[in-house]
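Here is what TrEMBL records for this protein:
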type     : residues                                                                           : note
ACT_SITE : A:Cys130                                                                           : active site, acyl-thioester intermediate
ACT_SITE : A:His250                                                                           : active site, proton acceptor
BINDING  : A:Thr13, A:Gly14, A:Ala15, A:Val16, A:Arg41, A:Ser42, A:Ser160, A:Gly161, A:Asn324 : NADP(+) binding site
BINDING  : A:Arg101                                                                           : phosphate binding site
BINDING  : A:Gln157, A:Arg243                                                                 : substrate binding site
DOMAIN   : A:6-121                                                                            : domain 'Semialdehyde dehydrogenase NAD-binding'
2 protein chains.
Amino acid sequence: MTKTFNVAVLGATGAVGEQMLKTLERLDFPIASLKLLSSKRSAGKKIKFKGEEITVEEAKPESFEGIQLALFSAGGSISKALAPEAVKRGAVVVDNTSAFRMDEEVPLVVPEVNEHALQNHKGIIANPNCSTIQMVAALEPVRKEFGLKKLIVSTYQAVSGAGSEAVDEMYEQSRQIMDNEEIDPKVLPVSGDKKHYQIAFNAVPQIDVFTDNGFTFEEMKMINETKKIMEDSSINVAATCVRLPVETGHSESVYIEVEKDGLDVSRLQELMKDAPGITLQDDPSQQIYPLAADSKGKDDIFVGRIRQDLDEKKGFHLWIVSDNLLKGAALNSVQIAFSLVNTGLLK
Amino acid sequence: MTKTFNVAVLGATGAVGEQMLKTLERLDFPIASLKLLSSKRSAGKKIKFKGEEITVEEAKPESFEGIQLALFSAGGSISKALAPEAVKRGAVVVDNTSAFRMDEEVPLVVPEVNEHALQNHKGIIANPNCSTIQMVAALEPVRKEFGLKKLIVSTYQAVSGAGSEAVDEMYEQSRQIMDNEEIDPKVLPVSGDKKHYQIAFNAVPQIDVFTDNGFTFEEMKMINETKKIMEDSSINVAATCVRLPVETGHSESVYIEVEKDGLDVSRLQELMKDAPGITLQDDPSQQIYPLAADSKGKDDIFVGRIRQDLDEKKGFHLWIVSDNLLKGAALNSVQIAFSLVNTGLLK
């Protein structure tokens, strides 16, 4: 008989929480009992899981008594407060916020890239930022064989990454603009920041707040997390992160320079074909390339538009697309949970 | 008294033609007579210019008798057929199609960058591609003082660059998707290509058709035109061009590496402040950066998000935005016409 586990999902009523539950169900994670947790405001809601109705409870330190695996996705401050409480009570926490990602004691894991880092966990495992996950998973097979010297990414990110309020704002604004009505932006680009801008029929070069060096936190996450997950701080990484009027599906225009000779477009395509979790969609003659709208609801990372730089022999361009709520968040968290089970780390 | 000229506008009923007429009127170009030309299909339409109604005529070789300045924006094949006819009859042609841009005999001009190239014209002057113009105009002050070694751009391009049919398609699709109706893409990404894809709430990494090297023609235009306008074929240029659900206003995420030491963010900001046709919008602490939706109807090129690369001392990132129908097309053509007048080349 398969060993089963007592699981808690914190942030069960959010956009990522919803996808976590769907993914646990769909991939048939070995669950003995499931507890759904949220803020006080959402407690009392009822959510169906495998045909059974579960009432969402307010998350408290005591909620984690007897829990073996806790998936967190309820915001950084809640993770900071409750993850240590869950660990204290014997749970392993897979945290989908940025709270612990750069903590040296905390493994930051994309299973296809650095599953082995789980071995050093001390109770908390961090799930990387959505835009980082799809990029490192696609580039790891290249790095492993040819090394990565430099990486410059410009993102085309979907609004669902900013929560369901942002999705509602995008659709409401779209209607208002088409009906020549006034718009009143309140959520995007960053709900907690000072100013809000039109997202419908626009492109906004700000995701998360700005840091002192002129890069946004989202850009610094991509830069720092990439080096940590690939375990190579010598890779030069730069990012420009842009929010688009797309509901779900992050796209990335990525330029890389590899260390070693011998890579060409067909070898890069082969590497993508063989990589776990990657689907190659790359045939310009048939206008085949990844599209954000097609990625919604799919587990894979889609890669196309692969071409060699015209000047730099070791330079290549790629277009990388994935569902930011699945591989970018919920799916990767559940995959980490499976890795914990499969490597015997979850007891 | 100011000398005035007999002017013809070919493609007067198109999106760019409309902006050309508005710009000629607004900037008070010295016109003696104005002839509006189009395909047979649009001939007979009436268009107001400075309060006077002008009937659009079908463009024929004879249409250019007595014309001194002809602004062309009716598609490459029409330019190829009629520009030589206009020149034969004594007109100077400013052509906004790609027909002659890479012709060695034809100057490719952004007045702020290479007005001097007009001196060598043999009757035809080419207006560069929209996405190229805003980039080279912003980068020329940097190139002049610090040299340009490398340039990697990812674009965020508006649908009006593909014509008014594309704009209609975007809005119609947006409504259909929000109303859960079927969509039927027919125009974008490229009206003449085999397949058509959803543009509403999507990001499509194809503008113009593909070339054999995996880059699209739009990308190759940015690469080749940049070198020609800046008169330096040693600059390494790479481009990834992406169409977005934005009506008007192209945005560009640009990474540059300069040749010389000494450039920093504040110097780069100063260069932008002093540059003709450029407005610096760059204050992260106040969330000030250029936005496509704000650029519509404005003459200037807007530059922000300027920051130094974290690894490469001579590397910088910029976000460059401009109205693709104005500085990207109509305005630049009219500015070329003014340059011809001011330098005595239009007689």
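If you go along the chain as it appears here, the first residue is 1 and each next one adds 1.
Glycine too: its Cβ is placed from the backbone N, Cα and C atoms.
A:Thr13 (NADP(+) binding site) carries neither a helix nor a strand DSSP state and counts as coil. The number of other CB atoms found within 10 A of the CB of A:Gln157 (substrate binding site), across every protein chain shown, is 25. Look at the domain 'Semialdehyde dehydrogenase NAD-binding' (A:6-121): DSSP puts its residues at 42 helix, 32 strand, 42 coil.
For the pair formed by A:Thr13 (NADP(+) binding site) and A:Cys130 (active site, acyl-thioester intermediate), distance between Cα atoms is given as 19 Å, rounded to the nearest Å. It is 18 Å from the Cα atom of A:Ala15 (NADP(+) binding site) to that of A:Arg243 (substrate binding site). With respect to A:Arg101 (phosphate binding site), the closest of these binding-site residues in Cα terms is A:Asn324, chosen from A:Arg41, A:Gln157, A:Ser160, A:Arg243, A:Asn324. A:Arg41 (NADP(+) binding site) has A:Cys130 as its nearest neighbour among the recorded positions A:Cys130, A:Gln157, A:Arg243, A:His250, going by CA to CA distance.
Counting every protein chain shown, the Cβ of A:Cys130 (active site, acyl-thioester intermediate) has 28 other Cβ atoms within 10 Å.
Summarised as a single figure, the pLDDT of the domain 'Semialdehyde dehydrogenase NAD-binding' (A:6-121) averages 97.
Of the listed recorded positions, namely A:Arg41, A:Arg101, A:Arg243, A:His250, the sparsest Cβ surroundings within 10 Å are found at A:Arg41. The recorded positions close to A:Arg243 (substrate binding site), defined as a CA atom within 10 A of its CA, are A:His250 out of A:Cys130, A:His250, A:Asn324. For the binding-site residues A:Thr13, A:Ser160, A:Asn324, the greatest number of Cβ atoms within 10 Å around a candidate Cβ is found at A:Asn324. Of all the Cβ atoms in the protein chains shown, 22 others lie within 10 Å of the Cβ of A:Ala15 (NADP(+) binding site). Look at A:Ser160 (NADP(+) binding site): DSSP puts it in a helix. Taking only the Cα positions, the spacing between A:Gln157 (substrate binding site) and A:Cys130 (active site, acyl-thioester intermediate) is 10 angstrom. Between the two most distant C-alpha atoms of the annotated NADP(+) binders (A:Thr13, A:Gly14, A:Ala15, A:Val16, A:Arg41, A:Ser42, A:Ser160, A:Gly161, A:Asn324) there are 26 Å.
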